[in-house]
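Okay, so here's the structure we're looking at.
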Amino acid sequence: MSEMPKVRGRLTQARPLSDLTWLRVGGPADWLFQPADVEDLSDFLARLPEEVAVFPMGVGSNLIVRDGGLRCVVIRLGRGFNQIDISGTRVVAGAAALDAHVARKAADAGLDLTFLRTIPGSIGGAVRMNAGCYGSYTADVLVEVQVVSRTGEVTTLAARDLQLGYRHSTLAEGAVLTKAVFEAPRGDPETLHARMTDQLARRDATQPTKERSAGSTFRNPAGFSSTGRSDDVHDLKAWKVIDDAGMRGARRGGAQMSEMHSNFMVNTGRATAADLEGLGEEVRKKVYDSSGITLEWEIMRVGEKLSSD
């Protein structure tokens, strides 16, 4: 790979990534860059040879890095990008701010971003994937984002420019989202915190939160998140079609579809990325054979497989 530009942050060669993902799997990145701030990131990308690929990585909550690793520069934002500021009904959050922290701080100020409380990950990932639950989505409250392009240009994009859909945005490949601005509805702080406490209790009762998981494995075939309402039928939920295919609790190596929630894949202790991805593909095949439905991955899979996979 070409000679790397000088940086003020941290630039590490051949950095293993498994400890940076919630599933604790994956090979090394050629380089891992943790910029000090927006200027450091912009300058690095502007001087990085154009033939060098980059991969913006959040906190690794919805990600499988394959066992062969990534032949690129992985960019991971840290403390210089986790600020949360509130003015009136506007919440400005750095891309590295955790969704749960943003929800709690907004609630303290009497602002309702409670749907973010149980979403694993950081604001950058929430925007890029239009994360949502309980019938609310990031797109509902997003105003604009700050983005650093692959060529180092710092720009501001309106929410509409991202064309946010179900678990989808049109944010350019290699672009790094650094900050998001939300317009949040007002609410009573005590009521908002009580709602989040209830949401956490419901999540912990139905999802394997104490195991190594990456959140939902597949997108709902219905094309929307669970709302939690009594009229929200299950026929086109990913977990339901997985159950119908007999794949709840299915195993491959150290990977397992959770007994607690069949759309959650867990690392039982010694799974490889190949185990996890292979189990997911087996589930997809069984579901298709059972129902004719092709499940789409919600977990992102990146990198190279080992030759033995």
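Any Cβ shown, glycine's included, is placed from N, Cα and C.
Annotated features in Swiss-Prot:
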ACT_SITE  ARG167  active site
ACT_SITE  SER216  active site, proton donor
ACT_SITE  GLU298  active site
COMPBIAS  200-213  compositional bias 'Basic and acidic residues'
COMPBIAS  214-228  compositional bias 'Polar residues'
DOMAIN    24-187  domain 'FAD-binding PCMH-type'
REGION    200-230  region 'Disordered'
Distal contacts, the compositional bias 'Basic and acidic residues' (200-213) - CB-CB under 8 A, six or more residues away: 22-24, 117-118, 228, 258, 260-261, 264-268
Within the predicted model, mean pLDDT of the domain 'FAD-binding PCMH-type' (24-187): 96
CB contacts for GLU298 (active site) [other CB atoms within 10 A, all chains]: 17
For SER216 (active site, proton donor): DSSP state (helix, strand, coil): strand
Structural state of ARG167 (active site), classified by DSSP into three states: coil
